[in-house]
Amino acid sequence: MSLEVRIFSVGGLKGKGSRNARITFRGHSYSTRTIEDCENEAPFNEIFDWPVASQIEDREMISIDVYNYNKVFSNRLIGRFQMVLQQVVKDGEITLEEPLLDSNNTALKTTISLQIKYLAPDGTVGNWSIEDFEPQKNFNDAMSMKSSSTITSKRNPARPSSGQGLIKFRMLAHKAASAANKSNLGSMVEIAGELEHNKFHLEPATPSREPRILLNQSNVALDNISVVSMTMMDKPVTNKRSKPETRFESGALKLQDFQVSVTVIEARQLSGTNMDPVVMVQIGEDKKYTTQKESTNCPYYNEVFVFDYRLAKQVVFDKILTLSVIHSRNLLRSGTLVGKFKIDLGTIYANTDHSFSRKWAVLTDPDDLNTGPKGYLKVDVSVVGKGDTIKISKVNEEEEDDIENNLLLPEGVQAERQRARFIFKIYQADGLPKMNTSITEKLKTVLQGEAKDLVDPFVEITFCDQKGRTSVRKNSYEPCWNEQIIFTELFPPLCKRIKVQIRDKDNLNNTVIGTTYISLDKIANSGDRGFLPTFGPTYVNMYGSPRNYTMVNEHSDLNEGLGEGVAFRSRLLMALSVELVNINASEGQGSSDVEVEYIPALSELGAGKMEEFFLFGSFLEANMIDRTMADKPVTFEVTIGNYGNDIDGANLSQKRRRSDGNDSDDSLEDSDDESQSLLKGSMSDDPNIRPLTLPVKPLTHDKYYYHMPFFEQKPCVYLTSYWHDHKRRLYNSNIMHRVADKLDEGLQDVQEMIKTGHERPDRRLRGVAEELINGCASYTRLVKGTGGMGAGRTRLDRERNKLCLREVEWIGKEAKKVKTFVKPSTLKENMAKMKSLYSKFKGLCDDPQHSIPDVFIWMLSGHKRVAYARIAARQILHSVRQEECGEHCGKIQTIFLRLPGKKSLGLAGWSIQAKIDIYLWFGLAKNKRDFLKGLPQGYTTTRAGTSIKAPPKFLNYPDRLQFELRAHMYQARGLIAADDTGLSDPFAKVIFSTHTDTTQVIDETLSPTWDQTLIMPNITLYGRAEELRDDPPIIIVEIFDQDNVGKNEYIGRTIAKPVVKMSSERYEEPRFPPQLDWFQVYRGMTKAGEVLAAFELLQIKSAADEDSMKITESIQTNQGHKFTVPKGIRPLLAKHRVEVLFWGLRDLKRVQLISVDRPRVDIEIAGRCVSSCLINNYKKNPNFAEPIKFIEDVDLPEVEYWCPPISITCIDCRAFGRSVLVGTHIISNISKFVFRPPDKSKIYTGTNNFYVQIKRNGEVSTETNDTVVNIYDTPTPPPSGMVEISLEYDARFLEKNAEEKKSKDDDEDPLDEATLDWWSKYFASLETLNEQKQKQDDAGVQDVYNDEDDDSVVPSNETLQNKQKDHDMAKDGKEKKQAKKSLGAPVRKWKTKKLPIDELKIYDTELENANEFSGFNDLLNSFDLYRGKREDLADDITDQKRIVGNFKGAFKIYRHPLPHYVEQPDPQYGMFKGLPSNEPIHVLVRAYIIRATDLHPTDPNGKSDPYIVISLGDNKINDKENYISKQLNPTFGKAFDFEATFPMESILTVQIYDWDLLSADDLIGETKIDLENRFYSKHRPLCGVAEKYAIFGYNQWRDPMKPSETLKKLCKELKLDGPHFMPGKVRIGNKTFTGAIELEDENGHKKPTEEHVALVALRNWEEISKVGCKLVPEHVETRSLYSSEKPGRIEMWVDMFPMDMPLPGPPVDVSPRKPKGFQLRVIIWNTDEVLLQDDDFFTGEKASDIYLKGWLLGDDKQETDIHYRSLTGEGNFNWRFIYPFDYLVAEEKCVVTKKESMFSWDETEFKIPPRLNLQVWDADHFSADDFLGSLTLDLTRLARGAKSANKCSLNMAAEEDDNSNVPMISIFKQRRIKGWWPFTAKNDQDELEITGKVEAEISLLTAEEAEKNPAGYGREEPDPLEKPNRPDTSFVWFMNPLKSLRYLICARFKWLIIKVFIALLLIALLVLFIYSSPSWIMKKIVGA
């Protein structure tokens, strides 16, 4: 199938010229041939065909643009034709003749004739469709009925006129909607027939595009039934473009406060044996250490370390946090590293809530890269800036113990990180500045005979807290290194930025020449089709301070990369690649040391081909020059790189100079006379370079701002430079920036439409989506047309092209979805999604690889550099394709020059040094012919030479355009106070071009109403008329405070653009008259108020035009004559009534050293004022006697957006008629006080009453009756923040629980049935809060349509698409993963059944900040009164010092009179009906302080000794004597009672101080609570409504009023029908609540009660229509503690009881739980299979002298006796360890109180987990004992012991998951256990192995039980153990030598000795026989 378009001709053309056309469909365009020299008609007669692969939809469009063709300049658009193809899809063919539309959607006389054919795949052509039509009551409001176009259809060539067609169309649309709702098929057929005979065309009057469409009859929901629902606006509707927000102060160097908090909780699986681990926390050069834990591989610390910084934001974020675990701090083993972990602070700040909460850091050894983790460290890390919110982190022990899924890693980083080598290749640098004076150079020349370059450069790279350096190249401006620096780190690294510096080697201090940063996020992608970090080889540009050398460089910070560089310093050719290291790497790759190696040089074309570039600029205007430069000539310099920088010198190398033949000592760069250099540079006749304008003195009109006399003659500058050809990078960035800027502009326009109440912003959003779709298609087409994804010189170029194409295509698809589904009801969601797409698109725009340096414009006064501007070369780069051009290329742009470096901070940064209008063009020299294309026409050139090709020196404009500017300055609001009174005398100065004018001064106000039109005639502008109309010059409005003495004080500045009317246009709607709008005023980076104004720029051609446009409305004032704002521009006003509630004044401070005694308050709005009555005695009663006053007939704008502010002024009336201003407050936005009557249709709409009974089985029965809320077994989840627990609480429930308890197993822990207290409720509620947070996290609370702006790089869509898949894989892997081996105890959470404990609500914020309570401002609002001049550098926090008091009151504003169907206000009280009395009332205030968290340390040891100081009025309680030693998270558990009188004592102040022995105590933080607003609030926060009603126990009702009494009181006050009590029910109006009917007392007696149902009604009070609201539940609120700059939090709540009511009972006991005393008895019976460590000296046998060590709390070590000479690993002990300890059952922590050191003043309380540590050792007499193995048993999660040694396995010492077969118990429940457990240790391969087994019996006794049943230590009395039956071989050899002979020799060599003895005996006998046989023989022979 295909779409065929035939263009016949274009007629009605003006003039003679060449024409062509471009036709676009689905993002693909065709161009016609060019018809040359045609006059009235261009006969194209061409056919274009689009083969389409998918069926054309009804909503698709075709666009045709007709141009005037120009061979030299760009083509000029004549007009555009666009059409929706629905009729083509229906008919198959259509022939038409239509007029073209200009850029304003105005029909032209030029017409186009064409024919469109569509061939469908199956031969059909589609159907007419009817949908999205909405009946309009007023047909003339939405659309115009004018039409001049005609349309000829193949089937029906005739059609009615527009007006008739529109009415008929909407009538049929209404019929279609009705028929569809009634499912009336016949009606729909009839309507379709009518539509068949009534085809028509609609044309809007607004600047929008109305497709000619009739849609499908399905989906006729009210939101879709609209004639414009499928239309879109592709032009801006609001004047948002006229409000550019420009802040003139750079924040890069601004110092900010940051606090880094690191909590080291514990460590696990530390590698090593017998260690005493210490954790070192290091940030930069700051180091802090934890305490040393002895002999453990799983130490528990829970220590907090805080680091405070006041530095620039990026400096803080680049700091590296290093967590290192050291073996010990002893002298012998000090510094032996176990492992370390590194992460930069920027990564932490970028994480959710700027923190990582309770995560495990993986420790690795940097010197042993081939091994795995060396352990895990559990930490809390947060980086908090000033003003950042702090959230409570959820605590879930079960999840935290799952190490693998809770690693300290950012989202998306894999748990197992691999080693990688980061290889930085450094090739060469050029353009280096001289780093010494010229005097030194000449001196060296004289001494050495030749001049040398004055710099000794080397490159230093900083990455992951490591530094690598190249060698030093002596005396070279163009050094060549050819070296590579190799870092070995884990990949991906947690340090995201790489710092690259070029430094100058110096004997004293190496000076930084330039710095650049490379972000790893920009040069890598982690998606499925991602790539490893790669960069270059390419040049990186470095910027910094000016190049002229000075001994003291005041801008040295710029060379360090802090702030925006103000000059080009050098460029460096480098590359980066990453190689993943193999596990079996060589020794060289196994080290983390930085390596430096030599590499081959890069080829000449390795960095790219050199191209010649040309830069041209013309200064059309320069004004707003500061008057400090008026005395000296001013010139402007334009440079790019070193080209054009003749003043500071190009600093060519000596070799280059000699080769160029330029070895003269008189060269320009060697000159020390900068003024001479300036003159030479400006007067140079070089045809290729002219960087400077001529020096000229500025002129002035008002002696405040000066301007350059560039009248008809505009100076030009131009440069020729040579750079490597990487323009494709810039082209791609330009395309994306154009799309992103257009998208941003459209989204701001939609936002402004929503804000100002424009109709149908969804249509504009649809147009924005269409623009984004077209932009994405354009980018894809252009990139693929220039080489596609494979284009690019470097690997990063190619990978980035692929990535951007994928991402842009995905964004286009998402935008298409938004375009399809956007409608009024989904506007918010789609708006958020479009913002998300914008953020993603914006992150892709900038290329991380540098190419051409930036352009700098300097203003020089005399010979001194004063101010500068920096422009990216991309923005002014030229391309033959318009889409690839920079946004400012060939255009006039306005640039503000500012001071360099730190000079731009503070007061100096607020001022504009100069404003220039400059034309810039930068491109290839071969395209130089285009450089004058964009200049305003009508100029002549004055060229530098006689050559015609030479660039012009000046542009002469003999002709000009005359304009008149009208600045309609209506009013301002919320201006900054500039006088000591807290007010200002403001006037506005409007600056446009060289003209200025000022408004009149309004005395003593912060919300002046000028109502003045400033007229600036005879303004001369140069430029094309259409360009001036679309993009006029900017207007600057500055607000000043007039001072009678001294100069006027600057308040702030805003920027605007006027609406331009050319002389050919008519002054009519919709563009004229312009609308007023609010413009944000800035003073530096601070918002300083808003200005309501409108600006119009009118072209004047003759005096008649000028006379016709003169404003005649003028008035005479005391300051002279002024023009008022015309009626057509000023807002339409309506009569309003303003009701003011004057309640009282609070906390008024002294004024002029005298206390305020008789104050009053004046309220002013729209020029009308009302005053309160006088308070006669402020100290006695600060409330007003007459609270209600009215302001009748106030003229306020009908649109709230334009409403003026409310001014509140407090005045003290003193003796003798004197009055003194106390303070003021300005309410800028009054919308929250405006009452809007409801629609009449809603008032009289009847509602059905439903009876909803939720049964126990979950079924729902409905009857037409009253509404009943039953809270028995509701299956639906509770509201957010409420506890999911049944409210039924009667005797049956108690009996059922009692039976369940009795049926439990006998071994159930009796602690479960222990007496519950308030802390039981608190901990149960805390657990519920954590569960709710976990559910929110699991549900994916993070919305993909996040409305916040994010400067960080958005991850690729591949990452987003695969996130869920990765989550599922991780979850599946978690189920299959085997538990890792551990040296510590099993850490699986012991899952106990949750007890049915009544709970309360824990708010993680202040109670007044909770969403359901709206700040308790339902009756009273608090307005801070300010006095005094605001400090110049003050922010919103420090500005609190100006507060001098507080006004309490309220306002009601409404149109008067109100409609008759609305309840009319009371004549006396107005709308404040039922207002309570403001007479003083006595109240009992009871404040409960529970605990504080995250306190800031104030002592040198990193801790604090906090205590409470609480005050209410003059009552103050100092709890100093009960301070808590050395705690940052203290538990107070205090209740304080005050008897107060409201309103005199209404501010409760809670302060936390740090106790100090010698010095004054330090304030840690404080919080203040306004009790009065709470007391009078309808939410009733007097005493929180409990979850259940009980008269005894831990949940005893504490309010003196019972629920039924409270309910009756509320119904009476609100005049409700009820309460009507029935058995188990209560009815209020048409609401019925049900609940329990019986109540049990302490004795178990039951009696009927109404309290339960009354409580149900109170807890669901928001269900009551009209007057219902959420009542404050029983709660604990978390309040922030504020001091000068340190955050902290405190948990507390406040109860209030009126003294005229029954007094409450005693306060709730919230004192901290006392730890319970326990005694742990551990009997070591036997050991087996213990590792045999020693070799016997005599026999060589393996043996060990076994003994065991054990401890529980760390300092209670005990040892068994020694089992000597165990030959089998078996040991017999029968030895008892006894460990008494204190234990908190709820927290599962042991409490240890001890002194930290001998110098400590008092004891410190520590809480540690109950872990029994056992170690097996081999005793040695002459050397240290040998450690064999360890065992750590967590007593709350204890693996059940094996019954025999054979069944004891390694799994019992592993971190088991939930599927483990090893049963887990708690010793606090089972109380006694006996079995075998394994000792473990790590072998040489760092693997865990069993080194022995121990048979032990563990029993737990309470302190009372231990006292009744005492036992002795070891084998001592009482209850002694039998001596072990050890083998006879167990002895010490030197103590028993005979035994040693017996057992060491005889036992082993007994038979050998016997055999040897027998053999020796036989030998002796044989010898004796031989010896005596001769004698015997002789005797026999002789016969003797």
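Just so you know, glycine gets a Cβ as well, placed from its N, Cα and C.
Copied from TrEMBL, the annotated features are:
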- 1-98: domain 'C2' (DOMAIN)
- 240-361: domain 'C2' (DOMAIN)
- 399-534: domain 'C2' (DOMAIN)
- 649-691: region 'Disordered' (REGION)
- 662-675: compositional bias 'Acidic residues' (COMPBIAS)
- 946-1072: domain 'C2' (DOMAIN)
- 1119-1244: domain 'C2' (DOMAIN)
- 1331-1385: region 'Disordered' (REGION)
- 1363-1376: compositional bias 'Basic and acidic residues' (COMPBIAS)
- 1463-1584: domain 'C2' (DOMAIN)
- 1702-1849: domain 'C2' (DOMAIN)
Number of helical, extended and coil residues in the domain 'C2' (946-1072), per DSSP: 6 helix, 60 strand, 61 coil
Considering pairs 6 or more residues apart, do the domain 'C2' (1702-1849) and the domain 'C2' (240-361) have at least three CB pairs under 8 Å? yes
Please list the DSSP helix, strand and coil residue counts for the domain 'C2' (1702-1849). 3 helix, 77 strand, 68 coil
When the pLDDT values for the domain 'C2' (1119-1244) are averaged, what is the result? 87
Mind checking how the domain 'C2' (399-534) divides into helix, strand and coil residues in DSSP? 16 helix, 57 strand, 63 coil
Across 240-361, 1119-1244, 1463-1584, the most C-beta pairs under 8 Å with the domain 'C2' (946-1072) come from 1119-1244
From the DSSP assignment alone, can you count helix, strand and coil residues within the domain 'C2' (1119-1244)? 13 helix, 60 strand, 53 coil
Give the residue counts of the domain 'C2' (1-98) per reduced DSSP state, in the order helix, strand, coil. 6 helix, 61 strand, 31 coil
So how many of the residues in the domain 'C2' (240-361) end up helix, strand or coil by DSSP? 17 helix, 61 strand, 44 coil
